[in-house]
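All remarks here apply to the structure that follows.
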Amino acid sequence: MQNDRRKGGMRGSPDAALLLLADSRLPAGGHAHSGGAEEAVRLGTITGPEDLARFLRGRLATAGLVSAALAAAACELASAGHDEQAAAHDEQTGGRDGQSDDPAGRWRQLDAEADARTASPAQREASRVQGRLLIRSARRIWPSPVLDLLAKAVPNGVHHPIALGAAAASAGCDPYQSALAAAYNAVTGPATAAVRLLGLDPVTVHRLLADLAPALNDAAHAACASLIDDVVMEPGAADPFGPYGTANGDAKGSTRGPGWPALPGHAAPALDLLAEGHHSNTMKLFVS
Amino acid sequence: MGANHDDHHDAADPHGRALRLGIGGPVGSGKTALVAALCRSLGPSMRLGVVTNDIYTTEDAEFLRRAGVLDPERILAVQTGCCPHTAIRDDIAANIDAVETLEERFGPLDLVIVESGGDNLTATFSRGLADRQIFVLDVSGGDKVPRKGGPGVTTADLLVINKTDLAPLVGADLTVMSRDAAAVREGRPVLFTSIREDRSAHSVAEWVTSLVGSWHHQNDHTHDHSAPTNA
Ligand SMILES: Nc1nc2c(ncn2[C@@H]2O[C@H](COP(=O)(O)OP(=O)(O)OP(=O)(O)O)[C@@H](O)[C@H]2O)c(=O)[nH]1
Ligand SMILES: [Mg+2]
């Protein structure tokens, strides 16, 4: 079952690894990003805990869910990379098509999926910078060939959710945990920024986050459910996803293409506008 | 896989890279003035890069670019999200990224200066970011400040007490500052400056020059005895 692979980590103690990965103290540059909250505060869209709660719910339902799905897909791809390396040593494997020899190309393809889901240039830039910083730190914290490969495949910085999924895989986490970390990140960054910018009571804001906990779990489940919608093609059928669609052969002899084009793509035009407005504002404390 | 020959993102390997000098201290003490002074005096003989950590704008980076003391492209600004000390101490990722970007674009460099955002007396640089650090106070904060201590004052490799020209105006006693600083610094050096009057801060520039010299010497030396790289 695909689900078994989704549950397995590369290293032990995945729960503890997840805590480390999601901790805001992870030294990977996240503290300087507000996820649009700074601009929303400037415009008067967020003025207190009630506004903030609505902002966070909206962010989770859109950008948060998309990030969660991309992180889960990246974790799956990173784990598959490990399987393939093991398989590559098996001379009997045979029959792989040429695309399997281009893992860097698959990372670029997944990165392009993230790009396609990120309309605002300012958000793209913020996401790539955070991805680059996370990969740099993760390569020292959880060294693994897949992180080295990813750093080379997208040298200027892979999108943050993809970096997160790959780092999570290297830390031993599964796609669900990766998705959960991404969803968690999507709301805790802006929440902390609002505490700093508005002087909100931090306990009140943590209560908001606690109220969001079931929604975070739901988002992570939805993200993983979207992974299962992979395309299964009969042998010889035309590949609708081009050169990357036939990467994972399954046991039955049909070809399984990553269903990345079908990953969630919920747009949040307000967040896009906030990101662009923030970018052009010269008086700001946060990078995004 | 696993062997990782051309990875410049790995743990700081001092071989051949520039000395990273952190300059910290309270708001307005003269950090940017000192960076400009060092660029003026060291620029002709060293390959330099500068990273600024502005709090709210890119004021410091813009000031340095306008001052014409260094090629504007060699000055990068990092934004710190309300927490200037976090960016130099707890989560240095963005600063490391900026330093490495400068080294990639313009390297090899001799010296990269990282100016922190103005902060409190407890803000010091992580060793993961700065090889050496200077803490800048000014006399107008009162002559009690060195006595108050804090890791910046007590542990910085060099303590600079700037704006000595203002001492008579604010009634600061420089001998008191000197005595108190010596008492908490266990012999580490203290220099008094008035960058307003000496725009090349020659005493500090001399200290930095000898630092860079011994840094290179030390690394060349290490290099001679090390196993071949790219093993
Ligand atoms: N009188 C006098 N003024 C000085 C001296 N050095 C710097 N200043 C002035 O002090 C002010 C602050 O100097 P900066 O160099 O911007 O100080 P800073 O520490 O970089 O400030 P932040 O980055 O905002 O924390 C400027 O107006 C400088 O011109 C000095 O030696 N004497
Ligand atoms: Mg300054």
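Cβ from N, Cα, C; glycine included.
A quick note: this is a predicted structure, and the numbers were derived from the prediction, not measured.
Taken from TrEMBL, the feature domain 'CobW/HypB/UreG nucleotide-binding' covers B:21-191. Under the heading GTP binding site, TrEMBL lists B:Gly25, B:Pro26, B:Val27, B:Gly28, B:Ser29, B:Gly30, B:Lys31, B:Thr32.
Where TrEMBL records a feature, it is marked here on the structure.
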{"residue": "B:Gly25", "record": "GTP binding site", "Cβ within 10 Å": "30"}
{"residue": "B:Pro26", "record": "GTP binding site", "Cβ within 10 Å": "19"}
{"residue": "B:Val27", "record": "GTP binding site", "Cβ within 10 Å": "12"}
{"residue": "B:Gly28", "record": "GTP binding site", "Cβ within 10 Å": "15"}
{"residue": "B:Ser29", "record": "GTP binding site", "Cβ within 10 Å": "24"}
{"residue": "B:Gly30", "record": "GTP binding site", "Cβ within 10 Å": "24"}
{"residue": "B:Lys31", "record": "GTP binding site", "Cβ within 10 Å": "27"}
{"residue": "B:Thr32", "record": "GTP binding site", "Cβ within 10 Å": "23"}
Residues from B:Pro26, B:Val27, B:Ser29, B:Gly30, B:Lys31, B:Thr32 facing chain A - binding-site residues, CB under 8 A: none
Near-site residues: GTP, ref B:Gly25, B:Pro26, B:Val27, B:Gly28, B:Ser29, B:Gly30, B:Lys31, B:Thr32, CB cutoff 8 A to centroid: B:Gly118, B:Val136, B:Asp138, B:Asn162
Reported mean pLDDT - the domain 'CobW/HypB/UreG nucleotide-binding' (B:21-191): 94
Contacting binding-site residues, sequence order - B:Pro26, B:Val27, B:Ser29 vs ligand 1, Cβ under 6 Å: B:Val27, B:Ser29
Binding-site residues whose CB lies under 6 angstroms from ligand 2, from B:Gly25, B:Pro26, B:Val27, B:Gly28, B:Ser29, B:Gly30: none
Where B:Thr32 (GTP binding site) falls in three-state DSSP terms: helix
